[in-house]
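Taken straight from TrEMBL:
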BINDING   His171, His269  substrate binding site
BINDING   Asp188, Asp199, Glu325  divalent metal cation 1 binding site
BINDING   Asp199, His262, Glu294, Glu325  divalent metal cation 2 binding site
COMPBIAS  70-79  compositional bias 'Pro residues'
DOMAIN    106-331  domain 'Peptidase M24'
REGION    38-79  region 'Disordered'
Amino acid sequence: MAIRVPSMELHRSSPLLSGCRGRNTCPQKKPFLVQAKRLGGLEKESTRSGTQESGQPKKRAPLVRGTVSPPLPVPGNIPRPPYVGTKYVPEIAKEVQMHDKESIIHMRAACELAARVLDYAGTLVKPSVTTDEIDKAVHKMIIDAGAYPSPLGYGGFPKSVCTSVNECMCHGIPDSRELQDGDIINIDVTVYLNGYHGDTSKTFLCGEVDEASKRLVKVTEECLLRGISTCKHGTSFKKIGRRISEHAERNGFGVVECFVGHGVGRVFHSEPIIYHQRNNRPGQMIEGQTFTIEPIISMGSIDCDMWDDGWTAVTTDGSLAAQFEHTILITRTGAEILTKC
């Protein structure tokens, strides 16, 4: 779940500104490691104003709000994060989420559960399914695993998952709107298990999706993986934004600047702040720390309008946006993607 950066922080950062399903247990796998590497050659960047190579996306009606049902109950025996029961959005914690061998075990468990829930949620994406139905299914799978859905009650957020459709950049609130053939939808899952948060998201295709939209989704996932490929102990955080921006721009897309990745672990949102655009922010990665990378890539405007619910962020020009997210653990030679199962 991304956090929004105050405009002051954006201005300071850079002159260039920003198949497991159901409740089955995942098979045992070796950790998914990404070795830090350098990509050879920089291709010439294209501008966002030109026609996309794969054509234009089909015209869609603007996203409209449906009816939001009441928050779902959580059994009393399931531990809650400390912010539950308050209406305020917690401050971004200054502490860096560092882990020893024992806490890494807990982080892997929380992140694996989040990954399984997200995979299951993706199987529900079909025309005529409502995002409220997806929320109910996700909620049940999380509480059945003895975990708490981290978004529920965070700063008053009323649902257990974020569902962001088409021009919604992030933090869409599940409601009664039915998914339409050709939609794209980001589902953002965070679980709180045994005192640790696991955070991940993915953009899914609903029915028959046009080639331009498919390309946006594909490039967005590639941006995430390229950002992760820069990561290892001692690397500057700013390399993440540079790598993501290079790939998005050479494909004719823009990187949304006002939402960022973050440290995650015992605390939902903490330092370091991960900028996805070019920036000159200081700081280096440390072996044993965990954080999210979660770029939002847009076909058009990288600026957002906020709905009056205080959460739903949509592109100002109605263009499509996609997002992918992983929680990663920094190692000596690269990064381990924790939110894969």
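Glycine too: its Cβ is placed from the backbone N, Cα and C atoms.
Remember, predicted model here, so these are calculated numbers, not experimental data.
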I need the CA-to-CA distance for His171 (substrate binding site) versus Glu294 (divalent metal cation 2 binding site), whole Å please.
13
Whole-number Å distance between the CA of His269 (substrate binding site) and the CA of Glu294 (divalent metal cation 2 binding site)?
13
Sequence gap of 6 or more, Cβ distance under 8 Å: name the residues on the same chain that satisfy this around Glu325 (divalent metal cation 1 binding site), in order along the sequence.
Ala2, Asp188, Asp199, Thr200, Ser201, Lys202, Leu224, Gly261, Thr292, Ile293, Glu294, Thr339
Give me the non-local Cβ neighbours of His262 (divalent metal cation 2 binding site): same chain, 6+ apart in sequence, Cβ-Cβ under 8 Å, ordered along the sequence.
Ala2, Ile3, Ile92, His269, Ser270, Glu271, Pro272, Ile273, Ile274, Phe291, Thr292
Most Cβ neighbours inside 10 Å, all chains, among the binding-site residues Asp188, Asp199
Asp199
Quick check: with Asp188, Asp199, Glu325 left out, which same-chain residues have Cβ atoms within 8 Å of the centroid of the divalent metal cation 1 site Cβ atoms?
Met1, Ala2, Ala114, Cys162, Val189, Thr190, Thr200, Ser201, Thr292, Glu294, Thr327, Thr339
